[in-house]
Ligand code: 3DU
C-alpha cells in the first residue's frame with residue numbers, strides 16, 4: 001500500500017518544511033481547506049515541484065453545476081479530487097466526468113472514520129460504494145478505524161481505497177494490512193506533521209506498510 005500525507009497545516013512555511021523532511025517516504029500529498037483557504041489553490045503549484053501525486057480533499061458536496069466548477073478549478077492543479085457520495089448520483093457524476101475528461105482521478109467518500117459517521121453515513125455507505133463502482137470512480141474513501149467496514153466497502157465497490165484514520169484517530173496499520181494491497185493508500189496527517197520528528201515518523205510508517 002501507499003502512504004498519502006494529509007498536509008493539514010495552515011501555513012506555507014510549515015508545509016514546505018514538513019514536505020522537505022518526509023518527501024522520501026510518502027507517495028502522495030493530500031491538500032485540503034486548512035492550506036488552500038489561506039493561500040488559494042495556486043499553492044498547489046508550489047507543491048507540484050515535489051513530483052508526488054496531489055489529491056485535493058475538498059469533500060465536494062454540492063449540486064452538479066457547482067461540483068463541476070470546483071472540480072475543474074482544482075484539477076487544473078491536482079491529480080485527483082475527493083467528493084462525497086451522499087449528495088447523489090448526479091452530483092457525483094458531474095465530478096467523475098470532469099475528472100475523466102481531464103485525465104484525473106475521483107475518490108468517493110462512502111463512510112467517514114470519525115465516531116459521528118456511524119449514525120448517518122454508515123447506513124448508506126454500502127449503497128454509496130456500489131454507486132462509486134457503477135459510476136466508475138477511481139477510489140473510495142473508507143475508514144481504517146473500522147477494519148471490517150473497510151473490508152466490506154472495498155469488496156462491494158471493487159475499487160482501490162484511500163483510508164484515513166490511521167494512528168491519531170485510532171486506526172491500526174496491523175489491523176488493515178491484510179485488507180489492502182499495492183493500489184490502496186493509507187492517509188496519515190497528524191501522526192506525521194505533529195510528530196516531534198516528522199521524518200522519522202513517516203519513515204516508520206513507510207517501513208510498517210512495506
Ligand atoms: O487524522 P489525521 O490527522 O491522520 O488526518 C486524516 C485526514 O483525512 C484529514 O485530512 C481528514 O480531513 C481526512 N479524512 C478523515 O479523517 C476522515 C474521512 O472519512 C475522510 C477524510
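Heads up, the Cβ atoms here are built off N, Cα and C, so glycines get one too.
Binding of substrate is attributed by TrEMBL to 30, 113, 189, 190, and within the candidate set 8, 11, 207 the record adds 8 to that site. Candidates 57, 59, 62 (active-site residues) were compared with residue 30 (substrate binding site); those inside 10 Å Cα-Cα are 57. The recorded positions near ligand 1, defined by a Cβ under 6 Å from one of its atoms, are 190, chosen from 59, 62, 190.
For the recorded positions 30, 59, 190, the ranking by surrounding Cβ atoms (within 10 Å, all protein chains) places 30 first. This prediction places the mean pLDDT of the domain 'Orotidine 5'-phosphate decarboxylase' (2-205) at 98. Distance between Cα atoms for residue 59 (active site, for OMPdecase activity) and residue 189 (substrate binding site): 16 Å, as a whole number.
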